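Feature annotation from TrEMBL assigns 4-amino-2-methyl-5-(diphosphooxymethyl)pyrimidine binding site to 35, 36, 37, 38, 39, 67, 106, 135. According to TrEMBL, the feature Mg(2+) binding site maps to 68, 87. For 19-187, the entry in TrEMBL reads domain 'Thiamine phosphate synthase/TenI'.
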Ligand SMILES: Cc1ncc(COP(=O)(O)OP(=O)(O)O)c(N)n1
Ligand SMILES: Cc1ncsc1CCOP(=O)(O)O
Ligand SMILES: [Mg+2]
């Protein structure tokens, strides 16, 4: 299969949120890369939120990735889809490619990184970098050293770091040269999510 469509070289701040309400708030703040991550709902429950989020993404000309629900992402013509390694076993990559959607892939170690690279996705995510309360992870945090090592293999493809990235930790993650920081709790659990978003945008930029 040929490479998936390109995204920008640097995706910048990449909030991962669970509702179109969050998507709209963050778009209004100037965020340009986002993910709608709804977990474990039947398609008919998830579809209205997915359709609404995609419409918002288009209205703001933003890069909105849909997590997991690749068929609905195709149906509503999302900018892109994000898939994990388990999703790769069941998703129809050829259909996603044929529909012209960008593809982001999760990786947690060298083998997953190389499997992802062979698929020629639009970006590769590396995680989890630090301990996280947001998702149960079967593997250990990779840390800054592993992230730095992975990046030496990924100079030709956009990269995203995810997992436990707080405002305090963002500078050391960005210092590795990774093109984007994906965050959940640093924004959604912040006492002041507007201030947190502003600070994270100032640190990482909105992307290219
Ligand atoms: C940017 C980004 N990176 C990693 C993930 C995790 O995806 P996955 O491993 O499929 O786990 P779920 O998010 O589906 O629980 C992500 N969503 N986004
Ligand atoms: C979805 C996901 N995939 C790897 S870590 C993670 C959760 C990241 O959340 P937080 O930024 O709150 O640690
Ligand atoms: Mg997934």
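The backbone N, Cα and C atoms fix where each Cβ goes, glycine too.
Location within the structure of each feature annotated in TrEMBL.
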residue: 35; record: 4-amino-2-methyl-5-(diphosphooxymethyl)pyrimidine binding site; contacts (Cβ under 8 Å, 6+ apart): 14, 15, 16, 17, 64, 65, 66, 67, 82, 182
residue: 36; record: 4-amino-2-methyl-5-(diphosphooxymethyl)pyrimidine binding site; contacts (Cβ under 8 Å, 6+ apart): 17, 18, 19, 20, 23, 49, 50, 53, 64, 65, 66, 67
residue: 37; record: 4-amino-2-methyl-5-(diphosphooxymethyl)pyrimidine binding site; contacts (Cβ under 8 Å, 6+ apart): 16, 17, 18, 67, 68, 82, 184
residue: 38; record: 4-amino-2-methyl-5-(diphosphooxymethyl)pyrimidine binding site; contacts (Cβ under 8 Å, 6+ apart): 18, 19, 46, 49, 50, 67, 68, 69
residue: 39; record: 4-amino-2-methyl-5-(diphosphooxymethyl)pyrimidine binding site; contacts (Cβ under 8 Å, 6+ apart): 18, 68
residue: 87; record: Mg(2+) binding site; contacts (Cβ under 8 Å, 6+ apart): 68, 70
residue: 106; record: 4-amino-2-methyl-5-(diphosphooxymethyl)pyrimidine binding site; contacts (Cβ under 8 Å, 6+ apart): 82, 83, 84, 85, 112, 116, 125, 127, 162
residue: 135; record: 4-amino-2-methyl-5-(diphosphooxymethyl)pyrimidine binding site; contacts (Cβ under 8 Å, 6+ apart): 128, 163
## Note on the structure
residue 67 (4-amino-2-methyl-5-(diphosphooxymethyl)pyrimidine binding site), Cβ-centred 10 Å count of other Cβ atoms over all protein chains shown, is 21
### Message
Using a 6 Å cut-off on Cβ distance, which of the binding-site residues 35, 36, 87 come close to any atom of ligand 3?
### Response
87
### Among 39, 68, 135, the binding-site residues whose C-beta sits under 6 Å from ligand 2
135
### Task
Tell me whether residue 135 (4-amino-2-methyl-5-(diphosphooxymethyl)pyrimidine binding site) sits in a helix, a strand or coil according to DSSP.
coil
### Query
Near ligand 1, which of the binding-site residues 36, 38, 87 have CB less than 6 Å from any of its atoms?
87
### Query
How many angstrom lie between the most widely spaced Cα atoms of the 4-amino-2-methyl-5-(diphosphooxymethyl)pyrimidine binders 35, 36, 37, 38, 39, 67, 106, 135?
16
